[in-house]
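Annotated active site, N6-AMP-lysine intermediate per Swiss-Prot: Lys108, in sequence order, evidence recorded as sequence analysis. The NAD(+) binding site feature in Swiss-Prot is assigned to Asp30, Asp31, Glu32, Tyr33, Asp34, Ser79, Met80, Glu106, Arg129, Glu163, Lys302. For Cys396, Cys399, Cys412, Cys417, the entry in Swiss-Prot reads Zn(2+) binding site, with the evidence type sequence analysis. Annotated domain 'BRCT' per Swiss-Prot: 570-645, in sequence order.
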Amino acid sequence: MDKNDYLKAVDSLNLWAKAYYTDDSPMASDDEYDKLYNAVVQFEKENPDLKLSYSPTNRIGGEILDEFKKISHIEKMWSMEDIFSDSELVAWISRGDKTDCEFFAEPKFDGASLNLLYENGNLISAATRGDGSVGEDVTNNAKVISSVPLQIDYKDKIEIRGEVVITKDDFELINIERSKNSEPPLANPRNAAAGSLRQLDNGIVKQRKLKFYPWGVGENSLKFNKHSQIMDFVRSLGFLHDNFCKVIRGIDELKIAYKELLSVRELKPILMDGMVIRVNDLSKANQLGYTVKFPKFMVAYKFPATEKTARLIDILLQVGRTGVVTPVGLLDGVLIDGAFIKNVTLHNFDEIDRLNLMKNDFVTVIRSGDVIPKITGVFKDRRDGSQSEIIRPKICPKCGNELLDEGVFIKCQNLTCKARVVSSIIYFASKKCMNIDGLGDAIVELLYQKNIIKDIADIYRLDELSFIGLEGFKTKKISNLLSAINNSKTPNLDKFIASLGIEHIGEVAAKKIANNYGDRWLELTLEELLALDGFGEAMALSYLEFMRVNLEKIKELLEFITPKMQNLELKTNIFSGKTVVITGTLSRSRDEFKAELESYGAKVSSSVSKKTDFVLYGNEAGSKLEKANELGVRAIDESEYESLK
């Protein structure tokens, strides 16, 4: 094989692969493909400098990474607003004058979003959605997904977005194989797809038989007027497409399409959890714009939750960071939307009483999307005498101490109870609290079991020697974790207070304490707490009791952490002491405006009433602005806001 033969062979192999994997119309036998493929492999071994970036041999798995790098998306990957009923669909269409719009409808596959970047026709990178702006670099894994072209017939820079999925059949085969190897089953196809994308060994990724279905583009220089035209073009480049993609006009047609897709839900080889509806006209979509979270021109009309019948075998007891004992139902196992469900939440023992639930009952189990499965009903007529009463516990299942029964809640009051300690550490390190990246549930459990950490303060005593002998902890992983811990040592005071896990004291309450009392937060009185807006006696007493019991532990923690105090000298202006509602799309995020207004001493509310002083509005303000006008509330746009502050 010479260079010209090699170039032709690569083109042929890519063409045959597309015909086989994408078009489901083979152009060559397996034997013919394998012979040509092996010839290409041999040529590339002998001529490594001539190897093409889009050679099919680049799909060979086996590369193992230490970690994933981060990649910034050129265009943000937005989340979608969810709706669940025809009435919500009508309301969505009525917002922004979408009544006469043409819509593009397609299945919402239940998988993991992926952003592919192509330049000069070559696949440059692949990244997960991440936080919408920055994702993880999974390029090596994307290259072994057969339905991701390594090269496309389009030279300009373009981001192609889509969903990585696993078929129901392939998912079942994966779990059969895992069972043979005494490995735990994967939870569901969606988690399997997401988890596969994040495998450091792309040999495993190749075995999982992932598929990529595009649903949109990010950065591009295309000249089309409609989203449907963009998708036709993308699919012409060699990507998969589903046969249910429709251009629709009017609410009635959308309802018909939704019912049609719902009727074939179980027949589809891939899990779907709804129908995506978007405004087809790109100029109209651009005009509609975005909220802080979602595009206003598209929505996911979710399918109803799936209900199944199962048998309740037993009740497990979990103990949380505040000591609350939560009952969890153990089922005989039922398959719902590709997920094998064995555990269901029961919230508290009052819920068990409300359902009149007994062990060994047949029950109705419901699961919708990411919602934790729960029991919604009991088939009392099917009781056969084998049922038994569920007894309220009196002893903590984790530490053996006596429980306090408060009615709705049953609590373990032992502050050194293992379950409470571990849950507290996990909560403290979580993303919404101190955001210690890499210190997740499993690692906290492991470090606690090995007696490496026994309380929150021990997190800050960790060093390289702490991880000696622990499986899976390589130098880079340890370095990243210690760096994340070090970066958490100067949080805002409100974030630190919220991270302590004080019952009834969340982000909002913690912010009020920090903003009003600053460095006096450890020595507040009941009267001072009750003086705060929104603080009731239960919140105030909970805070004071936590400080009384845990003061020494908090002081120990403050030897490592230096919370940043908020500036208590508030800048006063026209907004000080006023109630403000923010609505519409502004030049900055709503959270930024909210923080700024609160720094002036304003209260930011989510709804307009007679007590509202100002409504700060942006584009597509909607009903809140209308209500402000009806009530005579002063409405100001962003430019007026800037002049007043």
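Using the three backbone atoms N, Cα and C, a Cβ is placed for every residue, glycine included.
Close to the recorded Zn(2+) site, the chain also has Val319, Gly323, Pro397, Lys398, Gly400, Asn401, Leu403, Gln413, Asn414, Lys418, Ala419, Arg420: residues not among Cys396, Cys399, Cys412, Cys417 whose Cβ is within 8 Å of the site's Cβ mean position. Closest in space to Glu32 (NAD(+) binding site), of the recorded positions given as Lys108, Cys396, Cys399, Cys412, Cys417, is Lys108, taking the CA atom of each residue.
Considering only the recorded positions Lys108, Cys396, Cys399, Cys412, Cys417, the residue whose Cα is spatially closest to the Cα of Lys302 (NAD(+) binding site) is Lys108.
Counting residue by residue with DSSP, the domain 'BRCT' (570-645) contains 26 helix, 17 strand, 33 coil.
Residue density at Glu32 (NAD(+) binding site): 13 other Cβ atoms are found within 10 A of its Cβ, drawing on all protein chains shown.
Cα-Cα distance from Lys108 (active site, N6-AMP-lysine intermediate) to Met80 (NAD(+) binding site): 11 Å (rounded to the nearest whole number). The number of other CB atoms found within 10 A of the CB of Cys399 (Zn(2+) binding site), across every protein chain shown, is 15. Comparing C-alpha positions, Cys399 (Zn(2+) binding site) sits nearest to Arg129 among the binding-site residues Asp34, Met80, Arg129. Across the binding-site residues listed here (Cys412, Cys417), the residue whose Cβ sits among the most other Cβ atoms within 10 Å is Cys412. In sequence order, Val276, Phe294, Pro295, Met298, Val299, Ala300 make up the list of same-chain residues 6 or more apart from Met80 (NAD(+) binding site) whose Cβ falls under 8 Å from its Cβ. Cys396 (Zn(2+) binding site) sits 41 Å from Arg129 (NAD(+) binding site), taking the Cα positions as reference. Note on Lys108 (active site, N6-AMP-lysine intermediate): other Cβ atoms within 10 Å of its Cβ, all shown chains, come to 22.
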